[in-house]
């Protein structure tokens, strides 16, 4: 925990060495108090006094999670200010303020339920809170303050509902990232739905907002419904499919129509088949999806023939990382908008299939349970299987969060040109290389972890080679001699992978994106 915290502090100070403004004081104060509060959360988790049931075999992860959203907002604000885009500069300010307030709320919650009351930690939390509130008072307009408070309110209610319904699925830090992100998306969708102006906004952005909110509302609806019904019967399964169609065609499609001012299905079909390059990419991705399914069926056939207790090895699970890299790299090079939409659709399909598995919806629910149980690891300790969804999110978030409006030529200058590749570098290349080489050839272990020195060094080296290949094949990338910063960023994130107990598929791409955008 100490080394993980040291790495996070190094990243925070590195970012603010480049981007120093009034929010820097807030972020540093938030990091210091989160470091102390993290130990209170860890103690609560060990004693079972944390109100909700969180994921075991991991620390609270409060410090690394608390820094992600504020740092993203700060670097986005600076990039958009440099580009002269005032609207998105203010949006970055709102993102940073929202992240700080959500993290502060989680800290206050931990301090409030710790007995006896930790006096020193309370004082630190109070000082950090005062600095944040003072800065927000002098940085935000009234409408922006209301927006931040709306996200906080949504986060509180979502946390109470989802953490109760889904025990042992998240650590406090993961809950902050996932539920904070969903809360922000829901608030943005409500805000844009109430202020629709024809022709304003990119339709692909609305697809992401509606897809995320739609699948979350769908899950909440069926979770409440199946409290009173047995979800494993044919009648319940038919009702599930029927209501999914009703909600999709009767709520989500009209909602999208209102936002983009055209038929969503016709727009999507026209978008997907607009150019020949997109047709080639879709055919190629279909082949890769079939290959991934083939790996699942082949590994399950081996389990049937060898032993019922057979579990997929680490190297076998990394096959999917190779497939995902092969999926994303051509999309990033040839058509990022298509990759954006395809990732949104894939996320919706993944979450829908997880609902089918979790609720045992016929005819595929039990089959999915059997097929996916082979690939479980210690992080899937709750009722949901989330690792494959986290892998998709880790690869997609740098694409979704890339500030396209603040990049006049479609790319950012210097190291920022690699921002959309953050997921490919951190998870697809770095994490895969560290896992494969560390588990097969690693001998020198980092103190206090199972990760090896050889695995981490291989991850750094593999990412440097990947950057060189990106420079060769993607003509839009121009690093402008920012090689030392890229090496430092890759090294810090690889070391963080060795020491963090959080979901690395989610955390590492976001930190690499922050460093590259700074």
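Including glycine, each Cβ sits where the backbone N, Cα and C put it.
Copied from TrEMBL, the annotated features are:
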- 87-111: transmembrane segment (TRANSMEM)
- 117-136: transmembrane segment (TRANSMEM)
- 148-166: transmembrane segment (TRANSMEM)
- 206-229: transmembrane segment (TRANSMEM)
- 238-257: transmembrane segment (TRANSMEM)
- 277-298: transmembrane segment (TRANSMEM)
- 319-334: transmembrane segment (TRANSMEM)
- 340-360: transmembrane segment (TRANSMEM)
- 381-401: transmembrane segment (TRANSMEM)
- 421-441: transmembrane segment (TRANSMEM)
- 453-473: transmembrane segment (TRANSMEM)
- 485-512: transmembrane segment (TRANSMEM)
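In this chain, the transmembrane segment (117-136) does not touch the transmembrane segment (381-401); fewer than three CB pairs sit within less than 8 A of each other, excluding pairs fewer than 6 residues apart. Comparing 117-136, 206-229, 319-334, 340-360, 485-512 for CB pairs under 8 angstroms to the transmembrane segment (87-111), the maximum falls on 117-136. Long-range neighbours of the transmembrane segment (238-257) within the same chain, counting only residues 6 or more positions beyond its ends whose Cβ lies under 8 Å from a Cβ of the stretch, are 193, 206-207, 210, 214, 217-218, 221-222, 229, 231, 263-265, 352, 359, 361. Sequence-distant contacts of the transmembrane segment (277-298) (same chain, at least 6 residues past either end, Cβ-Cβ under 8 Å): 316, 319-320, 323, 326-327, 330-331, 334-335, 338, 342, 371-372, 374-375. Residues 52-54, 94, 97-98, 101-102, 105, 136, 140, 175, 179-180, 182-184, 186-187, 220, 223, 382-384 of the same chain lie 6+ residues outside the transmembrane segment (148-166) yet bring a C-beta within less than 8 angstroms of a C-beta in it. Listed by sequence, the residues of this chain that lie at least six past the ends of the transmembrane segment (319-334) yet keep a Cβ under 8 A from its Cβ atoms are 277, 281, 284-285, 288, 291-292, 295, 342, 388, 391-392, 395, 399, 420-421, 423-424, 427-429, 431-432, 473-474.
Here the transmembrane segment (453-473) has Cβ contacts under 8 Å with residues 333, 418, 421, 424-426, 429-435, 437-439, 441-446, 479, 486-487, 490-491, 494-495, 497-498 of the same chain, all six or more residues outside its ends.
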